[in-house]
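Everything below concerns the one structure shown next.
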Amino acid sequence: MRTKQVPVLWACFLLWSLYIASSQTVYPGITARITQRALDYGLQVGMKVLEQLAKEIVIPDLNGSESLKFLKIDYVKYNFSNIKINAFSFPNTSLAFVPGVGIRALSNHGTANISTNWSVKAPLFRDSGAANLFLSGIYFTGIVAFTRNDFGYPALELQDCHVQVSHARVSFFGSLSALYNSFAEPMEKPILKNLNEMVQLCPIAISQVEQFNVNISALEVLTKIDNYTVLDCSLISPPEITENHLDFNLKGAFYPLESLVDPPFTPAPFHLPESRDSMLYIGISEYFFKSASFAHYVSGALGTTLSTREISNYFSQNVQGFGSVLSKIAEIYVLSQPFILQMMATGPPMVNLQRNNFSLEFPAAVIMLTQLDNSTIQPIVSMDFVASTSVGLAILGQKLICSLSLNRFRLSLPENSQRDAKVVRFENILSSILHFGVLPLANTKLQQGFPLPNPYNISFINSDIEVLEGYLLVSSDLAYDTSSKPQPNLNSWGDLNLVHRPWREQPTH
């Protein structure tokens, strides 16, 4: 009887494990989507970059020996040196998504014009000169597969790579060029054979893919945002690839700088719309902003202490006519005694993303204190308040521009405190400080903008931001600066302030 129960127990355990695993699904904080339009533009730019690189490629000498039976010569040693690609064309080239795998590159009917120096040596003669080699019917295919490694980095692998040159035509130049050109056609077959054996495009491509993996792994997935927080942008799953797009699902979570502990909430699922009008779509979930709010709160970043002089001097320099109002605050409360204003968050700012509405609600406490003649600090009044603001967003050039507007301001006294005339006046003054002082100054700072990253000199153009239910949607086209020299590494990310520390395993929820 006990033996029969064992399979049943194992089955129950398996079902329970599957249930637990399904309930721990991790959703992204950020999803970046690349569309077919981006591939088409990337192909267009890539061909221009290849034209620049082709002129700098060092091609090894091509040499060998062949028997020329039509001339009754047993063997001729030949050497082609100083080989340079002058021009090439790949009119039938395409990039397409391969669902569940990656991106396929396909090119056929390509041509290339190559100049070279040549020399031949036979038992009865030797000669040298210049020549042009025209290649046609160039065929290339390969798939770049996208995966994710154990540390949250994207990883690439080149699969099914094949290169074939179908035709080669040689034109010789020199004193005996007419003679050589008369029997160039029989020489083209062995040249084509050796050329196909020596074409190293696939190994070169594999080497570049491997170098990309090395470079991307050298970057830290944690980026230091400020003195309080870091941002984790590691991949949480392999890239998702359909016939129409490629999605990168990123962690998109903020952490306190000194403690990589997940916040006490998890991201909710969201889905990007099936639109193909832009090259790039980025979905930034509510979780991204909530984790930023939580990380700054637990790091102690959301608090400040200001003296009468600091407040008056600061606002008199930045807000016309406002400093004179603040200079009278001491008279209102404590006559000629200076005061100290302490403001601190009592919880993480609450983030709410609804369609066409991005709002932040700041719960905080404000304490006004005065310093007596004997240096004793005496509290005047203590209040809790909640300020609700709306957030406006726009992308201008290469910067993300933000602005805040105050929706409502609510003060509340502790239950055992009395609400007298001084408190009412303090409410009015504090509300005025927020309306006419804090928010305008914050907006002045915010409107300087946050620079958007442009790796490999890729910029955002025709950008738009839309607030949807539970996430922000950024749509943009891309532009590549073709005037800059292509870089073989990721130096364009070098200005990011990266945290150099070992990465931990992906958290589970």
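Backbone N, Cα and C define each Cβ position, glycine as well.
Residues annotated as signal peptide in Swiss-Prot: 1-23.
Residues or ranges marked as N-linked glycosylation site in Swiss-Prot (evidence: sequence analysis): ASN63 (among others). Taking the Cβ of ASN63 (N-linked glycosylation site) as reference, residues of its chain lying under 8 Å away and at least six apart in sequence are, in sequence order, LYS77, TYR78, ASN79, PHE80.
What Swiss-Prot records for ASN79 (among others) is N-linked glycosylation site. ASN79 (N-linked glycosylation site) carries a strand DSSP state (E or B).
For ASN92 (among others), the entry in Swiss-Prot reads N-linked glycosylation site. Long-range C-beta contacts of ASN92 (N-linked glycosylation site), restricted to its own chain and to partners at least six residues apart, with a cutoff below 8 Å, comprise SER107, ASN108, HIS109, GLY110.
In the three-state DSSP assignment, the secondary structure recorded for ASN113 (N-linked glycosylation site) is strand. There are 15 other Cβ atoms within 10 Å of the Cβ belonging to ASN113 (N-linked glycosylation site). Feature annotation from Swiss-Prot assigns N-linked glycosylation site to ASN113 (among others).
Look at Swiss-Prot and you will find ASN117 (among others) tagged as N-linked glycosylation site. Applying an 8 A CB threshold to same-chain residues 6+ apart, the list for ASN117 (N-linked glycosylation site) reads PHE80, SER81, ASN82, SER128, GLY129, ALA130, ALA131.
Marked as disulfide bond by Swiss-Prot on the basis of similarity to another entry: CYS161-CYS202. Around CYS161 (disulfide bond), a 10 Å sphere centred on its CB holds 17 further CB atoms from the protein chains shown. Under the three-state DSSP scheme, CYS161 (disulfide bond) falls in the strand class.
When secondary structure is read from DSSP and collapsed to three states, ASN215 (N-linked glycosylation site) falls in the helix class. Residues or ranges marked as N-linked glycosylation site in Swiss-Prot (evidence: sequence analysis): ASN215 (among others).
Here Swiss-Prot flags ASN227 (among others) as N-linked glycosylation site, drawing on sequence analysis. Classification of ASN227 (N-linked glycosylation site) by DSSP places it in coil, neither helical nor stranded.
The DSSP secondary structure for ASN357 (N-linked glycosylation site) is strand. Neighbour count (other Cβ atoms within 10 Å of the Cβ, all protein chains): 11 for ASN357 (N-linked glycosylation site). The N-linked glycosylation site feature in Swiss-Prot is assigned to ASN357 (among others); the stated evidence is sequence analysis.
Summarising the annotation, Swiss-Prot assigns N-linked glycosylation site to ASN374 (among others). A 10 Å cutoff on Cβ-Cβ distances gives ASN374 (N-linked glycosylation site) a total of 5 other Cβ atoms nearby, all chains included. In the three-state DSSP scheme, ASN374 (N-linked glycosylation site) falls into the coil class.
DSSP classifies ASN457 (N-linked glycosylation site) as helix under the three-state reduction. Per Swiss-Prot, N-linked glycosylation site is recorded for ASN457 (among others), and the stated evidence type is sequence analysis.
The Cβ of ASN227 (N-linked glycosylation site) has LEU257, ALA301 as same-chain neighbours under 8 Å, each 6 or more residues away in sequence. Among the recorded positions CYS202, ASN357, ASN457, the residue whose Cα lies closest in space to that of ASN215 (N-linked glycosylation site) is ASN457. Distance from the CA of ASN457 (N-linked glycosylation site) to the CA of ASN357 (N-linked glycosylation site) is 33 Å.
Under a cutoff of 8 A between CB atoms, and with a sequence separation of 6+ in the same chain, the neighbours of CYS202 (disulfide bond) are GLY142, LEU158, CYS161, HIS162, VAL163. CYS202 (disulfide bond) carries a helical DSSP state (H, G or I).
Annotated pair ASN113 (N-linked glycosylation site) and ASN374 (N-linked glycosylation site), C-alpha to C-alpha distance, rounded: 91 Å.
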